[in-house]
Amino acid sequence: MEIMPILERKIAHKMTTLCSHITYPEFVLPLHKHAEYELMIFTHGSGKQFVGEGVAPYAEGDVALIGSNVPHLHLCKSRMKSGENAGKEELKPGLETELEDRLYSSGEAIQFSPDLFPSSLLNLPDYAHISELLSKSQYGIRFYDEGLYDELLEMMKAFDSSTHTSRLIILLQILDRLHHCKETQLLSSTAYNNANRQPELEEPVGRIYTYLYNNFREKVVLKDVADFVGQNPTSFCRYFKKSTDKSIFQILAEIRIEYACKLLANSDLTITEVAFSSGYNTPTLFFEQFQKIIHLTPAEYRRE
């Protein structure tokens, strides 16, 4: 399975307004981001959702609001595809495990542009609660009030049959309803801050991500990455840190742990085999970085 970098996705669903209702028959997108806010209703299936710096399970009936330009991935459960004679004893470090995704998660989403809510509007007292909600969406927000799922689906039906002006009114009603939810959970412990980030993953940052995603299962040497982007190690490390707020090896660890999470959740590999298959030469470093990023041990994550 090919693992892709964080993609800058420009929403193109023949939108004639700044907000649109989108149906996802199945989740197939890699880790990606887009300028639009996204309200996601999970209508079928279960799995893990990666939102900004956080990871949390999702299931049918869940509702989540994801902020503008926050990287996210909805990873539905998959099943390990094994050869007839494949055995664990044949697995070796660096093995490219073949996964056959059984895509059975689906969802309904409303995506809406930040241009609908300029600061001149959000600064008005009547819109303070909307402003607060959109600010919190940089963490990713999960809502689970009883009856919310059915209410939102009905609102989406009304949204589809309405004119452009009426759609904006329904969107405001949806956001107002979300603000009044009593049962909520932030999906990440830290807000994904776009203030110091580039609006797009441009060169050479995009090329660095591409290199890391293509080589994370192997030993990654700083000089090799520098040669790939055509810069000296010192200057490109400084540029990358300024552009992303993280070092190259922090990103590499997150990519490896993201892949390890998928193997832990969707395969029968031992934890040591997961470590080797995710690019780690020693289980000790794998355990250390996994706990630092996920805040659980690999065994605890698998049990959840």
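Placed from the backbone N, Cα and C atoms, the Cβ positions cover glycine too.
A TrEMBL annotation is a machine prediction, not a hand-curated record.
It should be emphasised that the depicted structure is a prediction, and the values quoted were computed from it without experimental measurement.
Residues or ranges marked as domain 'HTH araC/xylS-type' in TrEMBL: 206-304. Per-residue pLDDT, averaged along the domain 'HTH araC/xylS-type' (206-304), amounts to 86 for this model.
Per-class residue totals from DSSP over the domain 'HTH araC/xylS-type' (206-304), listed helix then strand then coil: 74 helix, 0 strand, 25 coil.
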